[in-house]
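In what follows, a single structure is set out as structure tokens and then discussed.
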Amino acid sequence: MAQEVCSLKAQLKEQEKEIAALKKKLSQLEKSHTSALELHDKVRPLTPLKAKLALSNEDIMRYSRQLLLPELGVQGQLNLSKTSVLVVGCGGLGCPLAQYLAAAGIGRLGLLDYDEVELSNLHRQVLHGEENQGQAKALSAANAARRLNSTVECIPYHLQLSSENALQLIQQYDIVADCSDNVPTRYLVNDACVLSGKPLVSASALRMEGQLTVYNYSGGPCYRCLYPVPPPPETVTNCSDGGVLGVVPGIMGCFQALEVIKIASGQGSSCSQQLVMFDAQDARFRSIKLRPKQAGCAVCGENPSVTKLVDYESFCGSAATDKCRKLNLLPRDQRITVQDYQSIMDKAVPHLLLDVRPLVEVEICHLPFSLNIPLSSLEERKTEHIQLFQERISQLKQQMAGDCRPPVYVICKLGNDSQKAVQVLEKMSGSEVDSIMVKDICGGLMAWAQKIDPTFPQY
Amino acid sequence: MAAPIAIHLEFGGGAELLFNGVKEHHVTLPSQSEPWDVKQLLVWIQRNLLKERPELFVQGDSVRPGILVLINDADWELMGELDYQLQDQDNIVFISTLHGG
Ligand SMILES: [Zn+2]
């Protein structure tokens with residue numbers, strides 16, 4: 001019996017060794033396969049894309065189901081294979097777009113993104129996997145597209161599109177798809193497309209809605225014709241603030257792929273001078289007729305004032321990322337750090353912690369002793385909330401000896417809304433509510449999670 | 001005197017958040033001596049529907065940059081913008097442009 005156990009153990013050890021060797025061989029093979037794709041960190045001239053004269057037998061088999069469509073046919077497929085497309089942004093729109101373009105047999109796919117893959121991307125950026133976290137999105141997307149169709153030439157660009165490199169890059173491509181996530185990049189891509197005469201298939205998505213238009217195509221308007229003046233930065237919501245249901249950019253990215261394929265194959269797009277709006281809540285698409293190309297447009301008009309690329313961050317008053325802006329509304333002495341707040345808690349100093357995030361975020365996570373009143377309720381002076389606040393202040397006053405003003409510390413996710421709330425409460429203090437001493441906590445709950453309590457969730 | 005007119009207002013792309021998250025509003029504009037135009041409608045919306053932070057919706061006497069106005073499913077630029085005279089049962093949509101991706 002003991003002998004049998006011994007021998008089985010020895011066999012098992014042998015097999016395990018073999019498995020380990022096989023795993024190593026496999027990972028080396030996979031590595032050599034992925035390393036074949038070279039990540040571009042600057043724009044370089046590309047060799048011209050060679051036109052295929054005929055489809056190979058393998059092409060015919062691979063694309064047979066779309067070759068059967070009279071709208072596409074052999075000529076359409078050949079046209080796809082000689083078209084290059086630049087995808088600006090490999091996120092929620094860029095991933096499905098790149099996937100379907102690669103699958104359909106586009107000739108060359110430029111994939112641009114300055115960012116790296118994060119866990120919070122994976123619900124919508126479906127070309128990236130868990131194992132790609134920390135990797136350049138451009139490379140991760142290019143590898144995934146190539147796994148799907150190795151005959152497509154994929155070029156990953158790990159760089160920020162800028163006024164310095166955009167023209168050189170865009171000139172090398174036939175069609176541009178704007179899958180970016182911020183206003184300055186949208187103006188930059190538009191102007192570069194107008195200046196180099198390329199059609200721009202543009203989409204965007206937020207929360208439960210999406211929008212799509214093809215700009216600078218068959219005599220239609222450009223982005224600036226529609227939006228000559230950028231929106232005030234404080235009116236712009238990004239996905240990390242407003243949230244987005246993953247499938248919504250998925251649908252819009254697929255829609256972009258459709259229009260790119262129609263343009264590339266020669267069928268043409270029907271979305272010039274059209275705005276397609278998608279409302280996921282009502283499951284409704286709507287197509288709106290837009291204004292024509294504007295004679296007075298600053299870039300595509302008759303007397304353009306924009307004849308070369310400009311500084312788009314200063315034009316829009318915001319940075320070319322979707323990262324949150326850090327506001328600085330309060331003087332230093334009206335703000336405390338998370339470390340300060342921790343010592344207030346440790347010393348059990350009587351105070352009120354006011355969390356001003358919307359309820360949906362409080363449900364994700366909150367500090368157990370906080371009172372939640374959303375910033376919007378404070379701004380609108382919602383009676384029931386103001387009453388609640390006043391009650392808590394009265395209780396606090398009773399706890400405290402003497403007649404000093406009760407301290408209120410305001411917290412939110414990142415420390416922007418908390419500053420706005422302090423300004424609102426300052427105005428109310430001594431009139432609408434009892435006199436209080438109000439400060440905000442710098443960096444908010446995310447700073448608390450990073451610096452004080454690593455078990456607190458981040459989102 | 002122009003008779004009161006009933007119109008349908010819609011807000012989208014996040015603009016509805018300025019109106020308590022309500023996307024569709026059926027409203028009746030009262031009778032007045034002149035016909036209603038979009039410029040007057042914007043004033044009416046500010047006084048009757050928009051309670052807080054008007055700067056997120058209007059700028060001067062027009063909508064703020066980044067909001068597209070559609071009149072009966074067409075860009076308002078094709079319809080005369082602020083001077084368009086509203087008709088009974090018109091459908092006016094205010095869409096905030098999205099930038100996320
Ligand atoms: Zn234009």
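Glycine too: its Cβ is placed from the backbone N, Cα and C atoms.
TrEMBL labels come from automatic prediction, so no person has curated them.
Checking the candidates A:K82, A:K137 against TrEMBL: the one annotated together with A:G92, A:D113, A:S120, A:N121, A:L122, A:H123, A:R124, A:D181, A:N182 at the ATP site is A:K137.
Checking the ranges A:5-39, A:390-424 against TrEMBL, the coiled coil annotation falls on A:5-39.
Separating the Cα atoms of A:C239 (active site, glycyl thioester intermediate) and A:S120 (ATP binding site) is a whole-number distance of 11 Å. Distance noted between the C-alpha atoms of A:C324 (disulfide bond) and A:R124 (ATP binding site) is 19 Å. Per-class residue totals from DSSP over the domain 'Rhodanese' (A:347-457), listed helix then strand then coil: 46 helix, 18 strand, 47 coil.
Cα-Cα distance from A:C225 (Zn(2+) binding site) to A:D181 (ATP binding site): 20 Å (rounded to the nearest whole number).
The 6 Å Cβ screen around ligand 1 retains A:C225, A:C297 from the recorded positions A:D181, A:C225, A:C239, A:C297, A:C316, ordered by sequence position. Mapped onto three states, the DSSP output places A:S120 (ATP binding site) in helix.
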